[in-house]
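Chemist: This is the structure, below, for whatever I ask next.
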Amino acid sequence: MKFTTAAVLSALVSAEIAFAAPGGNGFARRQARRQARAAGLKASPFRQVNAKEATVESNWGGAILIGSDFDTVSATANVPSASGGSSAAGTAWVGIDGDTCQTAILQTGFDWYGDGTYDAWYEWYPEVSDDFSGITISEGDSIQMSVTATSDTSGSATLENLTTGQKVSKSFSNESSGSLCRTNAEFIIEDFEECNSNGSDCEFVPFASFSPAVEFTDCSVTSDGESVSLDDAQITQVIINNQDVTDCSVSGTTVSCSYV
């Protein structure tokens, strides 16, 4: 499991801002989440702490590669069912940076909520995340996620529902909010945070139990155009109240995370 340094952790704790948690039900709640994101809610970089007072000691579960010049990260993941009530949530995504480098994250993925609703989203952290339009996600769907960094400040995020055939993409160009280091590549299950509009008050959402296990299959990473093996990936778990709530592992080109 990867541990952040004290300096990185200090910077992270002061900047813990994430995309919105659920509000009401159905369309109105999804609209509220979109409005909340527009108000300034963001995804969180990797957080790992040992403080006794911390409720969520690790907010990422999955696989992290540390290297250089990462260009692309892609995988296909199944959409699980979730429980835990309308306020409970979780997310699955692929991305570049956010662990040892936290100046920016290029990422895309999908959220699940305890009432059976789902979102598809993209983000260039520290800018706000946003929902994709033109794509729907349902339990059991197969979602292909990919991000491409063409430079430290430009790239793209693409999401395709292989079950329905819907495909959406977002391009980023000359992003001034933060530059990628391109030193991390990730396949992640996350317990994300809900913050107010200016990011001054953040809380982790209740982490929704999910089943079956989320499997990132056909995981692919390239560095300067060359394929990178997952053999050296570091495994992390979501840890809440000193308990692992995910069981993540890597086998070949598959990253599997189950709820425990």
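Every residue gets a Cβ built from N, Cα and C, even glycine.
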Chemist: Cys257 has a disulfide partner in Swiss-Prot; which of Cys219, Cys248 is it?
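Modeler: So the cysteine paired with Cys257 in Swiss-Prot is Cys248.
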Chemist: Give me the count of other Cβ atoms within 10 A of the Cβ belonging to Cys248 (disulfide bond).
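Modeler: Other Cβ atoms found within 10 Å: 24.
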Chemist: Once near-sequence residues are set aside, which residues in the chain of Cys181 (disulfide bond), 6 or more away, have Cβ atoms under 8 Å from its Cβ?
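Modeler: Cys181 (disulfide bond) has long-range Cβ partners Asp97, Thr100, Cys101, Thr103, Ala104, Asp152.
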Chemist: Rank the disulfide-bonded residues Cys101, Cys195, Cys219, Cys257 by how many other Cβ atoms lie within 10 Å of each Cβ and give me the one with the fewest.
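Modeler: Comparing Cβ neighbour counts within 10 Å for the disulfide-bonded residues Cys101, Cys195, Cys219, Cys257 gives Cys101.
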Chemist: Please report the distance from the Cα of Cys257 (disulfide bond) to the Cα of Cys219 (disulfide bond), rounded to the nearest angstrom.
Modeler: 14
Chemist: Reported as an integer number of Å, what is the Cα distance between Cys195 (disulfide bond) and Gln107 (site 'Transition state stabilizer')?
Modeler: 19
Chemist: Taking Cα atoms as reference points, which of the recorded positions Gln107, Glu190, Cys219 is nearest to Cys248 (disulfide bond)?
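Modeler: If we rank Gln107, Glu190, Cys219 by Cα distance to Cys248 (disulfide bond), first place goes to Glu190.
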